[in-house]
Amino acid sequence: MLETDHSRNDNLDDKSTVCYSEKTDSNVEKSTTSGLRRIDAVNKVLSDYSSFTAFGVTFSSLKTALLVALFLQGYCTGLGGQISQSIQTYAANSFGKHSQVGSINTVKSIVASVVAVPYARISDRFGRIECWIFALVLYTIGEIISAATPTFSGLFAGIVIQQFGYSGFRLLATALTGDLSGLRDRTFAMNIFLIPVIINTWVSGNIVSSVAGNVAPYKWRWGYGIFCIIVPISTLILVLPYVYAQYISWRSGKLPPLKLKEKGQTLRQTLWKFADDINLIGVILFTAFLVLVLLPLTIAGGATSKWREGHIIAMIVVGGCLGFIFLIWELKFAKNPFIPRVYLGDPTIYVALLMEFVWRLGLQIELEYLVTVLMVAFGESTLSAQRIAQLYNFLQSCTNIVVGIMLHFYPHPKVFVVAGSLLGVIGMGLLYKYRVVYDGISGLIGAEIVVGIAGGMIRFPMWTLVHASTTHNEMATVTGLLMSVYQIGDAVGASIAGAIWTQRLAKELIQRLGSSLGMAIYKSPLNYLKKYPIGSEVRVQMIESYSKIQRLLIIVSISFAAFNAVLCFFLRGFTVNKKQSLSAEEREKEKLKIKQQSWLRRVIGY
């Protein structure tokens, strides 16, 4: 299934289209780094080494081994990520810093937002696996610091360093599968690294309960420590088939040398060119913008008084100014902007970026306090609430597998994106209906299943459309942009949900239960669940309060889901083929064919 047509290498120099002039094509060739040329050479070996047939589909043996290793790596790093996310609460609590968990999550989101594009650019220059090893070093150092630190500041630093490595794994896995797969199989291939979510969703909770808790307060250190061993071993399994393919390519004389600098360049010139290649100034401006805008949202936490404090206002104002400077830099001065200028006129990329942001934002608003709502308003246990809250990730991954297989035989990704976007609105509507215990937990579970299926139909098929709109040279960079926007949507959604929750819930509880009890329940709702079981008068008032706030959250989520459904109609409905990427001529032919279709076919994408 994961068969790539290597004729794309000849198509990169195509100069026959109107839109992509001879100058543009020469720029593409010029910008093809030694890392990308090495990637192409290794991919050819991976595809041509040997093959076998199963289920009527031809598979490359070495490529299949690499993808199986990628699956194992995804299982180990995914499990480590889920466990780290859970035990950081226990770790912070052991240092008496439980209230700082929100700040940790915000900084992690910012890190994940800003490192994706630099990782993509560096991997284009030096190679995917070479960059993967660099990410592994950061990940392992972060895990070691987190496991051994005697202070909370050390824990914070370790978690942030670990996030630098983990975010690299996510980007590089997607870029690697993009290198190895044709567009028709891209949706399925991109999900290989995330398929283990299907398993980890159900086992991570049991592992967390065994390495964290009150019985052994510092046992959480093992939750970090064991992955200092597991992840490097799984990485070795991933590296071996790729390095073997590199060796075969080198032995045949087809592996280009890795150029760290051009002939005649000084060290200073080399470093300056490297800074230009990864758009270092843009990265710094983008990072500062996110920190100064998103961090105040977390610090203020929706409390009106804090929004009026000088340092909050100053951070937001300065952040907004830096955001404006960042836009000017990207449009006027950056030699290698985040969005390559050759694609500035392509609506598919902008619509996809906006959809990625809007869908994740609306989804995070719904998910942010779902565990608390399940325990307070539905009477679910901690383990049950955690598993229900993970249904989205589970169903999204399952749906990605099915959609990925279907796209191999029906190569029209936009159809699935449109269907998923409309289904997402229906799912959010069901969540609005089934939001308290009186409506039944089965209804809420059903609604979460619908939303999860919708997410699986939207994300990777939409990414496939974006990949069809770009060349291989820019594929990793555009993927990094999509990942960055995803994380920004996640952070903004959490901030909006926190603002609504903080400003409205306390007032509701105080109005219904009085100042003393209302504030006590607001601060620690889980401490009162056994004292006031479902059916008691106090619990009834708690359920009514939480139901009212959940209603507001779902209304906001529905609004964003509806906006996402409108946006999906503006994507270009490319028909994808077995090539790694479309040539400029093929893209222009596809655009012309789409223009000649009826308006209904253009909107739906079939």
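Positions of Cβ are set from backbone N, Cα and C atoms, glycine also.
Here Swiss-Prot flags 1-140 (among others) as topological domain 'Cytoplasmic', drawing on sequence analysis. Taken together, the residues in the topological domain 'Cytoplasmic' (1-140) have a mean pLDDT of 73 on the 0 to 100 scale.
Per Swiss-Prot, the feature topological domain 'Lumenal' maps to 162-187 (among others). Under DSSP, the residues of the topological domain 'Lumenal' (162-187) split into helix, strand and coil as follows: 24 helix, 0 strand, 2 coil.
According to Swiss-Prot, the feature topological domain 'Cytoplasmic' maps to 209-224 (among others).
Taken from Swiss-Prot, the feature topological domain 'Lumenal' covers 246-279 (among others). For the topological domain 'Lumenal' (246-279), the DSSP counts in helix, strand and coil order read 17 helix, 0 strand, 17 coil.
According to Swiss-Prot, the topological domain 'Cytoplasmic' annotation covers 301-310 (among others), on the basis of sequence analysis.
Through the fold, the topological domain 'Lumenal' (332-337) approaches residues 121, 276-279, 281-282 of its own chain, all at least 6 residues removed from its boundaries and within a Cβ separation under 8 Å. Sequence annotations record features per position, and here Swiss-Prot assigns topological domain 'Lumenal' to 332-337 (among others) based on sequence analysis.
What Swiss-Prot records for 382-390 (among others) is topological domain 'Lumenal', and it gives sequence analysis as the kind of evidence. Same-chain neighbours of the topological domain 'Lumenal' (382-390): 201-202, 205, 209, 367, 370-371, 374-375, 444-445, 448, counting only residues six or more beyond its ends whose CB sits under 8 Å from a CB of the stretch.
Same-chain residues lying 6+ beyond the ends of the topological domain 'Cytoplasmic' (411-414) with a Cβ under 8 Å from its Cβ atoms: 183-184, 187, 461-462, 464-465, 468, 568, 571-577, 604-606. Marked as topological domain 'Cytoplasmic' by Swiss-Prot: 411-414 (among others).
Per Swiss-Prot, the feature topological domain 'Cytoplasmic' maps to 457-480 (among others); the stated evidence is sequence analysis.
Residues or ranges marked as topological domain 'Lumenal' in Swiss-Prot: 502-550 (among others).
Among the features that Swiss-Prot reports, topological domain 'Cytoplasmic' is placed at 572-606 (among others).
Per Swiss-Prot, the feature transmembrane segment maps to 141-161 (among others); the stated evidence is sequence analysis. Here the transmembrane segment (141-161) has long-range neighbours at 80, 84, 88, 91-92, 95-97, 100, 104, 107-108, 111, 221-222, 224-225, 227-228, 231, meaning same-chain residues at least 6 beyond its ends whose C-beta is under 8 angstroms from one of its own.
Annotation comment: Swiss-Prot describes 188-208 (among others) as transmembrane segment. Non-local neighbours of the transmembrane segment (188-208) in the same chain are 1-2, 67, 70-71, 73-75, 78-79, 82-83, 86-87, 169-170, 173-174, 177-178, 180-181, 223, 383, 386-387, 390, 393-394, 396-398, 400-401, 404-405, 407-408, 460, 463-464; each lies 6+ residues outside the stretch with a CB under 8 Å from one of its CB atoms.
Taken from Swiss-Prot, the feature transmembrane segment applies to 225-245 (among others).
The transmembrane segment feature in Swiss-Prot is assigned to 280-300 (among others); the stated evidence is sequence analysis.
Summarising the annotation, Swiss-Prot assigns transmembrane segment to 311-331 (among others).
Fewer than three CB pairs closer than 8 A are found between the transmembrane segment (551-571) and the transmembrane segment (280-300), and contact between the two stretches is not assigned (pairs 6 or more residues apart). Remark: the transmembrane segment (436-456) contacts the transmembrane segment (361-381), by the rule of 3 or more CB pairs under 8 A.
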